[in-house]
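Report on the structure given below.
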Amino acid sequence: MSLIETVPVNTEHKSVPVHLHSNLSGLSEEIAKLPGVTSVFLITEKSIHSIYSKYLERELSSLPIKTIYIKGGEKSKHINRTGEVYNQLIEYGADRKSLILAFGGGVVGDFAGFIASTYLRGIRFVQIPTTLLACVDSSVGGKVAVNADFGKNMIGSFYQPEFVFAPLSVLSTLPDREWKCGQAEIIKHSLLSGGEYWEKVKTHSFKDLNVDSTILPYLIAESVRFKANVVSSDEKETGLRKILNLGHTTAHAIESVTKYKKYSHGEAVAIGLVTALLLSEQHSELDPVTTKETIESLKNYGLPFQTKLKSKQLAKHMLHDKKNVGGSIRFVLLKSPGSPIFDIPINSEDIILAIHKQKGI
């Protein structure tokens, strides 16, 4: 049996198990537990499917499955791309008892989840993350969305999968950059969690990340457990769940300014974490030692901690962030590791000064 651990995400209306597996073995058994599935649709990227097709075919050979390909990259996760996928599902005869399998990274998971949440007013789906970033973040919690011309994840919903199946063996094919991107979210979760988790993250570096290491399952499980606890208490992001946006206000501005071409999401989050911590020093009395330790950890994992993008340009793009209220830019800040605060209004001048200070570190 390839099961390593199952972490439950308990929400008001549903309990979603997150299964951490060493490989794809056991996926078909989990699908078989779902009642009344009439057909299965795999939504994935061709580049991902070509690597794992033989393993998927072997594992899912007993299922009536059809594959729908989408293009890779954040640009493909656009509202304009949904129509062709809806049409394919209609053409293939997908009904309300059909099941969608989202096999890929965060883009595939977000896109396929959004399709599942809206097709026939909602059909079941399963998250099968193939990147470290998706394993610890986007596949867990039920957020699904697509992008609009003027913003990331502007059109979406909260829609829980039937389960998450994370096969760690697929991570072995990830390029170094993808490993590092996932680590940015792990660092974020450890800062929010504090305690032993934060201390553990600080003592490791990029060279420790591989599918055969003992630390990797620990880091993933702790991240999933932390996020599961947050989501369980606030599924719809009306309060506590907002803390998971630590670093993301700056990150989304960076991605938007560069049109998703220069920085990966994880790299943008890494830079955004430092911006948030510098603002935390000013607005929530964070000890500067935490900022220094975070920068050191980012370096150890090969992640950026500053950008050459213009401070004013980034601040301008933050005005369009979906977390804003009444035109006020809202940040998640940190009082100390394990003690985040959210919905903190920050004026553009302070943001510009923080990013400017960040450039000089």
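A Cβ is built for glycine as well, from the same backbone N, Cα and C atoms used for every other residue.
What you see is a predicted model, and the numbers here were worked out from it, not measured in a lab.
Here is what Swiss-Prot says about this protein:
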BINDING   Gly106, Val107, Val108, Gly109, Asp110, Thr130, Thr131, Lys143, Lys152  NAD(+) binding site
BINDING   Glu185, His248, His265  Zn(2+) binding site
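For Gly106 (NAD(+) binding site), the spatially nearest entry among the binding-site residues Glu185, His248, His265 is His265, judged by CA separation. The Cα atom of Asp110 (NAD(+) binding site) lies nearest to that of His265, taking the binding-site residues Glu185, His248, His265 as the candidates. His248 (Zn(2+) binding site) sits 11 Å from Lys152 (NAD(+) binding site), counting Cα to Cα. Every protein chain shown contributes to the tally, and the Cβ of Glu185 (Zn(2+) binding site) ends up with 26 other Cβ atoms within 10 Å.
Close to Val108 (NAD(+) binding site) in the fold, though at least 6 residues off in sequence, lie Ile43, Thr44, Glu45, Ile48, Ile70, Ala102, Thr130, each with a CB less than 8 Å from its CB. His265 (Zn(2+) binding site) sits 12 Å from Thr131 (NAD(+) binding site), taking the C-alpha atoms as the reference points.
His265 (Zn(2+) binding site) carries a helical DSSP state (H, G or I). Across Gly106, Val107, Val108, Gly109, Asp110, Thr130, Thr131, Lys143, Lys152, which the record gives as binding NAD(+), the greatest C-alpha separation is 21 Å. You'll find the Cα of Thr131 (NAD(+) binding site) roughly 12 Å from the Cα of Glu185 (Zn(2+) binding site). You'll find the Cα of Lys152 (NAD(+) binding site) roughly 18 Å from the Cα of Glu185 (Zn(2+) binding site).
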